[in-house]
Amino acid sequence: MMRSHADDSAEARPAPAMSVGVFIPIGNNGWLLSENAPQYRPSFALNKAITLKAEGYGLDFALSMIKLRGFGGKTEFWDHNLESFTLMAGLAAVTTRIRLFATAATLCLPPAIVARMAATIDSISDGRFGLNLVTGWQKPEYDQMGLWPGDAHFANRYDYLAEYAQILRDLWETGASDRKGAYFQMNDCRLSPRPQAPVKIICAGQSGAGLAFTAQYADYNFCLGKGLNTPTAFAPVVEKLAEASARTGRRVTAFALFMIIADETDDAAMATWAHYRAGADAEAIAWLGAQGAADTRSGSDTNVRQLADPASAVNLNMGTLVGSYASVAAMLDAVMTIDGVEGVLLVFDDFLKGLDAFGTRIQPLMRSRRHVTAAALPEVA
């Protein structure tokens, strides 16, 4: 078995409890730009099955992204996408425990409308709803609708998002906003009913500006895991988040995004990973690279720069954990050795099979999930 980055002596210490979420495939083919990976279109039926399975295995939350234009290529990567809020509203009606996060494309949706949609899904879910805020980095998504504000947005996008988040908080917490800024002007805007539970905000900032925004306005930060079987390589981003949070006096914890490719043995899992890499969709990857290069205003530390790095663009350069079920369990436990990390957000090469493997083969081996496996879980469909 491949050893994790956790020290062997950690076996004797209680492991911090890990929260686990699933990044459901709202777009076709999930997160693999490969002709050799499973090919499928998104549907409510698929995402319902995934989310119910995740709930049955005791996962803590499900998150859907928003993507309004794909990358093309032979696999038509992300050319076929559902819409995040309406999908999560449907899932809210058929689940009972798992928390649900939708993603707001803030260049398309006014904050007062998002506040009301969130309050509605809060009602459907009985307080289980949260919100992921994104600034919008891929110009063709918005330019096709005449909504791109100009390339200056690359530099001022977090100023825009700060006003947006302030209006959301005004409406959710007080039911009214009269806030007037550079981007939005509220005129005694009202919201009722308000959410019954606090709506948690998450952000995926990795740059200095993104982390500063998260520390001021969000409750959680999603970090991209890094590398192949290097579960703690993203730790410097968490350290920067802690520094930013110290300046605001707020507690903001991190979740790391990882792709899981697991099998009975390390060699079998690595063979699958090699097969996916061999089928990389070069045309779609080239589109991703071109869009990432379009932002000449931001620094080199943005999420987009990592996503578009040619090194492993076949899965958007997210952290990838490949190995036997035991190896993957150990590597996931290692994530929780980083101070300030609350958990992980997982994607799978095949979501239904992958969740079954996680729930029955990986999670039972994880010290950081003993609070789940020690409890009796409902039967999984």
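Backbone N, Cα and C atoms are what each Cβ position is placed from, and that goes for glycine too.
For Ile66, Lys67, Asn132, Glu141, Arg157, Tyr158, Ser207, the entry in Swiss-Prot reads FMN binding site, with the evidence type sequence analysis. Within 10 Å of the C-beta atom of Glu141 (FMN binding site) sit 20 other C-beta atoms, taking all shown protein chains into account. Glu141 (FMN binding site) carries a helical DSSP state (H, G or I).
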DSSP three-state assignment for Asn132 (FMN binding site): strand
For Lys67 (FMN binding site): DSSP state (helix, strand, coil): coil
Cβ neighbours within the same chain of Tyr158 (FMN binding site) - under 8 Å, at least six residues apart: Thr135, Gly205, Ala209, Gly210, Ala212, Phe213
Three-class DSSP secondary structure - Tyr158 (FMN binding site): helix
Maximum Cα-Cα separation in Å among residues Ile66, Lys67, Asn132, Glu141, Arg157, Tyr158, Ser207, which the record lists as binding FMN: 22
